[in-house]
Amino acid sequence: MSKRYAVVLAAGQGTRMKSKLYKVLHPVCGKPMVEHVVDQISTLNVDKVVTIVGHGAEKVQEHLAGKSEFVKQEEQLGTAHAVLQAKAELAGKDGVTLVVCGDTPLIEASTMEALLKYHHEKRAKATILTTVIEDPTGYGRIIRDDLGIVEKIVEHKDATEKEQRISEINTGTYCFDNKALFEALENVSNDNVQGEYYLPDVIKILKDSDEVVAAYRMESFEESLGVNDRIALAEASRLMQRRINENHMRNGVTLVNPENTYIDIDVKIGQDTVIEPGVMLRGETVIGDDCVVTSGSEIVNSVIGERVHVKTSSIFESKVGDDVQIGPYAHLRPESDIHDHVKIGNYVETKKAVVGEGTKLPHFIYMGDAEIGKNVNVGCGSIAVNYDGKNKAKTIIGDNVFVGCNSNLIAPVKVGDRAFIAAGSTITKDVPDDALGIARAKQDNKLGYAKHLNHGK
């Protein structure tokens, strides 16, 4: 097999995005669009990937570190000029080079592999990836002769009326013989209205030299969708989301309403899990088998075990074991570690908290910087008071502890195994094993005093 190279064009400014964020870094289903492109290329056994960067180069390099080499295009003088920046990296090498736009996040590895195969079969010096669309307005047209052989690419503004009726378009993805590409690039002119060097001109140069130029037509236009504004970004996200959701459903996940379910590309979901409408699963979240996630839930970069029921709750950068009940309206903040058979009820918030197996936090509870043992029951309104206005401190609760309602545990504090905290207590000292901790003012009833308060008839 000949050597394979790839050049990813990612230097455009993207002014139509009207954004401070560099265009190719806009996310599509949880990943910058240029990273979608590079990740697909990486599955093709490519020997070298070179990404052409320009505006926001440092940020692009951060996202693609370890996945690509980089060359900077100091001035944006057209697509041919951009590819020419890789001359020092690739010129003179035997093999084939893919050229792909970094703003086409829907392009798939299987399509690029088919393009490479077709290029090899046709013994071509250049092969254009094309597709057919109903309305080709604005796209370059593929002009073929009577035998179906590619003659040239004509830009829409330069096309005759007859040529404008052609529906086969240039997608902007190419496969070239590497040596032929860089030799032809040296002869591309900027003699045009924009004063730029255009990559399609390489096709004409090769044809004029009687080299074989082919065109591989793909079925799906959506893979070639380029993102130049927020409207196209939304469309690319919609199409990518459909692809992701259909893949999960084929693998045994029930999405009650896939059109209103938002799942990032790196999320993994087990079989027989049910995801209700309005759920957002972000980042590298992993959800096990037989779970239910109800409407309005958001789970980000978290690992969820099996048979977990998440009811309209938020989980961020946390770990949840098996057979856990969460919500409704619970909030697991980063570094929460919820063990098996735990109940996290409504309006419960945890942060940097370990919750032991079988423990119940039923409702209206805050546990931050806490370590809670097994089979603990924490009553409504209880708080691990972890912040003194300057420093955070830790609360440790042993196994088989009962914490009564409206208890304040003032950290740093430790409650021993099998201890009992009386309701309404403010605990400031450690409570030994098997002890009752009670810290509240003694009740004093003032007989007849209420008559003087005039609070009622």
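Every residue gets a Cβ built from N, Cα and C, even glycine.
Annotation source Swiss-Prot lists region 'Pyrophosphorylase' at 1-230.
Counting every protein chain shown, the number of other Cβ atoms lying within 10 Å of the Cβ of Arg333 (UDP-N-acetyl-alpha-D-glucosamine binding site) is 16. Secondary structure from DSSP puts Arg333 (UDP-N-acetyl-alpha-D-glucosamine binding site) in coil. What Swiss-Prot records for 9-12, Lys23, Gln73, 78-79, Gly140, Glu155, Asn170, Asn228, Arg333, Lys351, Tyr366, Asn377 is UDP-N-acetyl-alpha-D-glucosamine binding site, and it gives sequence analysis as the kind of evidence.
The Mg(2+) binding site annotation in Swiss-Prot covers Asp103, Asn228 and rests on sequence analysis. Residues near Asp103 (Mg(2+) binding site) in space but far in sequence (CB under 8 A, at least 6 apart, same chain), listed by position: Ala10, Gly12, Gly14, Lys23, Val24, Met33, Val34, Gly226, Val227, Asn228. Asp103 (Mg(2+) binding site) falls within neither a helix nor a strand when secondary structure is assigned with DSSP, and so counts as coil.
For the region 'Linker' (231-251), the model's average pLDDT works out to 98. For 231-251, the entry in Swiss-Prot reads region 'Linker'.
Cβ contacts within 10 Å of His363 (active site, proton acceptor), excluding its own Cβ and spanning all protein chains shown: 19. The annotation active site, proton acceptor is assigned in Swiss-Prot to His363 on the grounds of sequence analysis.
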Select one residue from Gly78, Gly140: among these binding-site residues, choose the one with the most other Cβ atoms within 10 Å of its Cβ.
Gly140
Would you identify the secondary structure of Lys23 (UDP-N-acetyl-alpha-D-glucosamine binding site) according to DSSP, in three states?
helix
Just to be sure I understand the packing, how many Cβ atoms besides its own are within 10 Å of the Cβ of Asn228 (Mg(2+) binding site)?
15
For Asn170 (UDP-N-acetyl-alpha-D-glucosamine binding site), write down the residues of its own chain that are at least 6 apart in sequence and whose Cβ falls under 8 Å from its Cβ; none is a fine answer.
Ile128, Thr130, Tyr139, Gly140, Arg141, Ile142, Ile153, Pro200
Per DSSP, how many helix, strand and coil residues does the region 'Linker' (231-251) have?
20 helix, 0 strand, 1 coil
Counting across all protein chains present, how many other Cβ atoms fall within 10 Å of the Cβ of Lys23 (UDP-N-acetyl-alpha-D-glucosamine binding site)?
26
How big is the gap, in Å, between the Cα of Leu9 (UDP-N-acetyl-alpha-D-glucosamine binding site) and that of His363 (active site, proton acceptor), rounded to a whole number?
53
Which residues of the same chain, at least 6 positions away in sequence, have a Cβ lying under 8 Å from the Cβ of Tyr366 (UDP-N-acetyl-alpha-D-glucosamine binding site)?
Val348, Glu349, Thr350, Ser382, Ile383, Ala384
